[in-house]
Amino acid sequence: MAGQQFQYDDSGNTFFYFLTSFVGLIVIPATYYLWPRDQNAEQLRLKSLRRVHGRCLWYRLRLMKSQQSVVPTLKKAALLLGWALFIFLAYKVSTLDREYQEYNPWEVLNLDQSASVAEIKKQFRVLSLKFHPDKGGDEAMFMRITKAYKALTDEDARQIWENYGNPDGPGATRFGIALPGWIVDQKNSMLVLLVYGLAFMVILPVVVGTWWYRSIRYSGDQILINTTQLFMHFMYKTPNMNMKRLGMVLTAAFEFDPRSNKEAIIRPTDNVEVPQLIRELGSIINVKKKEPPFCYPYSLKARVLLLAQLARMDVSEDLEEDQRFVVRKCPALLQEMINVGCQLTMMANSRGGFHAPRLVSIENCMKLSQMSVQGLQEAKSPLLQLPHFEEEHLRYCISKKYKVRTLQDLVSLKDSDRRNMLRFLGEEKYDEVMGVLSSLPHITMETKLQVLDDEDSSNITAGSIVTVTVTLTRKKMCEVFEKEQVAPALPEDAAAAAQADAGKNKVKGWQNKSKVTKKAAKAKKKKLTKKKPLPQQQAKGDKPKQANGNVAGNDVAVKEEDEEASDKGSESDEGEGNKDTPSEREEESDKQSDAEMDQMGGDDEQEWKALQQSIQRRERALLETKSKVTHPVYSLYFPEEKQEWWWLYITDRRDQTLVSMPYHVCTLRDTEEVSVAPAETQTNKSTSCPHQRDLSPLCLGCVLHLPLFLLQQP
């Protein structure tokens, strides 16, 4: 009767199969994920960025790191060693003898399957004389050839062999365990048990526990939970937080405490170098503040290093390393602070009972993030972001002749005026400045307001849930240069009129459109307040003329429209006069009603298709994973490569509150469509938009988008 047999691999052959599979499962994925990427591609990328970002701190550190790093070489060596072991094991397995083979009596007797019975008997006699035990032959081999001879000549044995694959009939099922026999040997039992207990009862629980207790200390954005609670406490305590207080709260984060973060270091030289920096910085440090944790040594050191970064002060080599660590952490910590402010705002709106953080507190977080990236104080000129600009050079820019105070003002100058103003720069430095200026982004924003649950999605009423869809388009500033410099040719009279209008209202692409519309509305209102002559008086008197003596186009257009209207009216009267019979009128009305119904049905189908397309687009956006690598930020003093990210939100400037939570746009390369969180329109007049009052409260002229690299003046 067939049974089951379990046996260990005494020879070690099966264990090689297991070991080869185990090594292959490790080496193949590790090669895909850990093999260093093409260094030439990274070098080419850095080479393409050299013209603009060559003076940035992160660029110089990246070049130095790529030259000195041995990690790629070690990774390659470890992976090649793993592949060598895998190939050796595969070769070892390929050379092993197969223990379990299909029984073939023809191979045992060294005969072809076409051999006759006489040939089988003849071969058996030859082999039996050779391997017979009485004549000094191999007994095991003699038994094999005897068994093979019976399988080929005996009808019963042959039938059993054909049915079960063996002349002996069905045998026991054998299972091999891919472990060598010495592991279960009684002599080695204590050693094996010790290794097993150490691996699965000590090492594995310690590793898993360490990972778990470390992971629960951090939030999803890799910020310590204690830091988030600290930010929530102080933002609740101080809803209106100025920049000085914000810096103190930021540097009190537990990321800078050596007891909570091993990357933070307290050096013995801090007792000498930090007090020296405090004396140089002066009263802005606020050393006398005894409120914990602002008075703790780690918080004071981080605050000193951050303020020294904003003041662009030179520090020692040890403190420079700590300063880079502090500055590198600031953008992520400030983003967490913005998230905390949004959570408190939502809690205040839903529950009430306490004051939400003011809008100025959240915007100060955004400004401080920009300041830390650019290494500039709040009151400093944004022109200092450019290379080769120093404090003494600003007097050329803010003179009465040019009045250049921002980067936008510098862009709006003519080439000749700009070169004359920057005459303190040589040709190479001037070209570098223009290269940086041309690489800065120019963002255009298109907005769309919809009430998705309403039949008429464009009709916004009080109490409706409005979805704001914003389309952001990024272009380089050099493209704006080209559009402004290349203007279409105009006739002489039109050019003179356009030049006169441009002198009054000069609008650039980067200026706020709300200001332009405001000026246009005021000018239109002034024109409407002027006393107009009656139509009869205009008809009797002379027609108004322009400066060149031609008749004013507006009056002519009005007159032509009146004549066309009168002609249409006469035609309609004639048509109605011909339709005298009631039957004709009923048929015409039925046709009109059918046409209206068809038109309404077509409009509904179009709206339904548009709604389905928008839903599908949002589902794809939720499922699609976009890279957060957009465009590198030009930052002279930031220690690592920073990508262009943006904040998008709607505010109520009168009440200094948020209408929608800030949306962090991290994937804007060329064009990005963002749906701001739906907001309920209010009937209170204080929330109405000061720019475009016809759009009700949710006017996107109030949307504020602050780039992380473009420092706005407060």
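Any Cβ shown, glycine's included, is placed from N, Cα and C.
TrEMBL lists 15-35 (among others) with the feature transmembrane segment.
What TrEMBL records for 70-91 (among others) is transmembrane segment. Within the chain, the transmembrane segment (70-91) has long-range Cβ neighbours (under 8 A, six or more residues past its boundaries) at 16, 19-20, 23-24, 26-27, 30-31, 34-36, 39.
Sequence annotations record features per position, and here TrEMBL assigns domain 'J' to 104-165.
Per TrEMBL, the feature transmembrane segment maps to 190-213 (among others). Counting only same-chain residues 6+ beyond the ends of the transmembrane segment (190-213), those with a CB under 8 A from a CB of the stretch are 183-184.
Residues or ranges marked as region 'Disordered' by TrEMBL: 501-608.
Among the features that TrEMBL reports, compositional bias 'Basic and acidic residues' is placed at 566-594.
Taken from TrEMBL, the feature compositional bias 'Acidic residues' applies to 595-606.
Shown for the domain 'J' (104-165): DSSP residue counts in helix, strand and coil, namely 48 helix, 0 strand, 14 coil.
In the predicted model, the domain 'J' (104-165) has a mean pLDDT of 79.
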